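Quick look at what Swiss-Prot annotates:
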- 32, 33, 34, 35, 55, 69, 70, 98, 161, 165, 194, 205: NADP(+) binding site (BINDING)
- 148: site 'Important for activity' (SITE)
- 161: active site, proton acceptor (ACT_SITE)
């Protein structure tokens, strides 16, 4: 295979001991912008069939979009049914949809705490539970949660966000212990300080200060996060289960 070949064009061809590429049905929640969009486009470029969820803003023309609110179990079920009709049962789930509602601990309301947990953690659970139905029947599945360095490091003013992202690690490991024997694995990709619209909007002093905690001394890109997801979605990652892969320039080392 030359460097210009598309993996989809060489499906079924194993090379140098590597397993053959298999095009999978992929769903990326919150895949219409930011890190989620970069992940969706990378997986599509890899040769997979990719659908993305959005909350009403639509999806880019090059991706199949379905409207979904991950805090609503019925909406999650409808979204999965749409994807199944369009490209078959979901074989790779990237649970990326999330929000942040930062506040000092003493000022954080229960409503704000629960809103983030419901979206970032329980929403991921709803999607993973729904995806696991067909994954177990097919005896293949990749569940990839998009976590955060905050879930390991515990960033201040993010009690809700850090708790949700830490919860994804426990959930991935529980799912893997339960379902890996059926060919279904769950892992976490934990981005650090990534160049997105949200981080670019931060005060320049905050941006500069963040680099003090990053050994690589630079901001990461959404495409670098997508690269880690691409690997976990591949046949090469079949023996990886319950792992946390940081994409943070060393920011969360040792946690």
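A Cβ is built for glycine as well, from the same backbone N, Cα and C atoms used for every other residue.
Maximum intra-site Cα distance, NADP(+) binding residues 32, 33, 34, 35, 55, 69, 70, 98, 161, 165, 194, 205: 35 Å.
Distance from the CA of residue 148 (site 'Important for activity') to the CA of residue 34 (NADP(+) binding site) is 14 Å. Around residue 194 (NADP(+) binding site), the same-chain residues six or more apart in sequence whose CB sits under 8 Å from its CB are 35, 219, 220, 221, 222, 224, 225, 247, listed in sequence order. Ranking the recorded positions 32, 148 by the number of CB atoms within 10 A of their own CB puts 148 at the top.
For residue 148 (site 'Important for activity'), the binding-site residues whose C-alpha atoms fall inside a 10 Å radius of its own C-alpha are 161, out of 32, 55, 70, 161. Under the three-state DSSP scheme, residue 34 (NADP(+) binding site) falls in the helix class.
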